[in-house]
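Working notes, structure below.
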Amino acid sequence: AEHQHTRYNPLRDDWVLVSAHRVKRPWQGQLEKPPPEDVPRWDPNNPLCPGATRANGEVNPQYEGTFVFPNDFPALQPDAPEPDDSDHPLFRAAAARGVCKVMCFHPWSDLTLPLMSLAKWAELATELGASYSWVQIFENKGAMMGCSNPHPHCQVWASSFLPNEACLEYRTQRQHLSQHGVPMLLEYAEQEAHRKERLVVENEDWLVVVPYWATWPYQTLLLPRRHVCRLQDLSEGERDSLASIMKRLLIKYDNLFEVSFPYSMGWHGAPMGPYLEEDCKHWQLHAHYYPPLLRSATVRKFMVGYEMLAQAQRDLTPEQAAERLRSLPEVHYKQK
């Protein structure tokens, strides 16, 4: 594992180059600015705070829990017209309709670990999935991941089409079930629970691993132990244990470099809309966490050059990353 090699990602049907020795090279590149530590609990000029005025003139209610509202600048709208017919197969376009929502997790902007409403996620998935094929719940945390607002929030985009990643995972999971008779990620979770070398945290219902094929340095995959297709299929007990394991993971992330850890995360559940009438037993619910930090709170991994033009490459093994995360305390560094 100390020598460069490639690893296959069955979920994406591609390969990643592992070059563990490269993490030792001196770094003279860009240093990121650490996130601010003095975020005010409430800011009247922050458009996500209770009672604040957003860019479109709407005034937020004085919410005390979770607050969901339509994105003021949506990438998808429900009434978009059909594109013109193409006159050549190399110039194709297709209709794209949908809705975009924002969910504020909590009225306070300064929470160290704002816990999202899992019930609200499931509720939104059910509501939007009745009309749309794909419901993407995702959170961008930190300016490094393009999040300009420190207030704890996520986004939910529902689309009339299956996005590229969903199409890819639909195909690979269906092929695996056809060839092996078991859902890919259910089998994978069982293997990782037994092998343990890439395990980060686990409980009776869930486990978090740095996947064997991870691309980002401290990328993790959150998996249920039983076969579950969608968030709304979880029992109340599984939602409680999910909240617990997510909190444990996020504490470890923050403790790694003692900073509010940036990442993009999102849920991949089985497609909905017309797919609700189809057999989706090949699909296993899962969540991806993609954090960019590599060596410290100020040194990140850049996916450029070879990664953009050839294939993904990582600078430490997934086993090394998992061992480092696993060994971290589960008490937040700010609470010591």
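Cβ atoms here come from the backbone N, Cα and C positions, even for glycine.
Now, the feature entries from TrEMBL:
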- 3-163: domain 'Galactose-1-phosphate uridyl transferase N-terminal' (DOMAIN)
- 22-25, ALA55, 71-72, ASN140, 146-148, GLN155, 301-302, 306-307, GLN313: UDP-alpha-D-glucose binding site (BINDING)
- HIS153: active site, tele-UMP-histidine intermediate (ACT_SITE)
- GLU169, HIS268, HIS286, HIS288: Fe cation binding site (BINDING)
- 170-335: domain 'Galactose-1-phosphate uridyl transferase C-terminal' (DOMAIN)
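Feature map: annotations from TrEMBL on the structure.
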{"residue": "ASP72", "record": "UDP-alpha-D-glucose binding site", "CB count, 10 Å": "13"}
{"residue": "CYS147", "record": "UDP-alpha-D-glucose binding site", "CB count, 10 Å": "18"}
{"residue": "HIS153", "record": "active site, tele-UMP-histidine intermediate", "CB count, 10 Å": "22"}
{"residue": "GLU169", "record": "Fe cation binding site", "CB count, 10 Å": "23"}
{"residue": "HIS268", "record": "Fe cation binding site", "CB count, 10 Å": "23"}
{"residue": "HIS286", "record": "Fe cation binding site", "CB count, 10 Å": "21"}
{"residue": "HIS288", "record": "Fe cation binding site", "CB count, 10 Å": "20"}
{"residue": "LYS301", "record": "UDP-alpha-D-glucose binding site", "CB count, 10 Å": "20"}
{"residue": "GLU307", "record": "UDP-alpha-D-glucose binding site", "CB count, 10 Å": "16"}
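Summary of the Fe cation site environment: with the site residues GLU169, HIS268, HIS286, HIS288 set aside, the chain residues having Cβ atoms within 8 Å of the Cβ mean position are LEU11, GLU165, LEU185, LEU221, GLY266, TRP267, ALA287.
The two recorded residues, HIS268 (Fe cation binding site) and CYS147 (UDP-alpha-D-glucose binding site), show a Cα separation of 21 Å. Here the CA atom of HIS153 (active site, tele-UMP-histidine intermediate) lies 17 Å from the CA atom of HIS288 (Fe cation binding site). Ranked by Cα separation from HIS286 (Fe cation binding site), the recorded positions ASP72, CYS147, HIS153, LYS301, GLU307 are led by HIS153.
Between GLU307 (UDP-alpha-D-glucose binding site) and GLU169 (Fe cation binding site), the C-alpha separation comes to 21 Å.
Averaged over the domain 'Galactose-1-phosphate uridyl transferase N-terminal' (3-163), the predicted model has a pLDDT of 86. Distance between Cα atoms for GLU169 (Fe cation binding site) and LYS301 (UDP-alpha-D-glucose binding site): 25 Å, as a whole number. Geometry remark: the residue listed as 'active site, tele-UMP-histidine intermediate' versus CYS147 (UDP-alpha-D-glucose binding site), CA distance 10 Å.
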